[in-house]
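Under the heading compositional bias 'Basic and acidic residues', TrEMBL lists 171-191. Annotated domain 'ERCC1-like central' per TrEMBL: 1-71, in sequence order. The region 'Disordered' annotation in TrEMBL covers 153-196, 208-235.
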Amino acid sequence: LRYHLLHPDYLYYRIRELQKNYKLRVVLCHVDVEDVVKPLLEVTKTALLHDCTLLCGWSLEECARYLETTKVYENKPADIIQGQMDTDYLSRLNHALTTVRRVNKTDVVTLGSTFGSLSHIMDASMEDLARCPGIGERKVKRLYDTFHEPFKRVTSNRTSGPEAVQPITVGERKEDENRVEDASKRKKEDPGTTVKSALSAAFAKYKERVGEKNIKSQQGKGEEENRQSSEEAAS
């Protein structure tokens, strides 16, 4: 990193000289400065942009070990670093079921000999699993939950009540405030307006009813007088 601070373009030109002749391109970086944040970030960006693998060593001995190991495994196949998977059914069943907590290799042998296959184990009920020797209540519950729980968790609705309360908009809030202000102004200006209007309306209705009664009584008297005069003229 100290050399990178003096010559920041050196790494870029060295990577460009490689072009695309190698599938694996390694950048071995010796961290020999105290403030490593900024220079190491620049080296990491350059390595990532040009598809290079970055190896960092904090001493010359560590960098030398990286070089020795890389040279030793230069022409060897990748079988050593690849995971080895057994081909027999029991080993695969053991690898699958031991991922469940509290289930060991002895339990896998017991389940395999009892049910015969992984599909039968997954289809078994909790009572069938509990009949196997060495399979306790906790193991039965964990196995059954592992085989029957959905992969995607269902999020519960946190809204309380059958319907969620709709938020009040700004326009509705302003309308309510205006209505309250108008009502308060009316009360302050004329508090007896509503009472006076109610009394005047009731008095007008009463006056109309009295007038209608007087008109009907006068009409009745006029009809009686006409009837009497017609009877006297006939006699």
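Each Cβ is built from the backbone N, Cα and C atoms, and glycine gets one as well.
Nobody curates TrEMBL annotations by hand; they come from automatic prediction.
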The domain 'ERCC1-like central' (1-71) [mean pLDDT, rounded to integer]: 91
Secondary structure content of the domain 'ERCC1-like central' (1-71), with strand meaning DSSP E or B: 39 helix, 10 strand, 22 coil
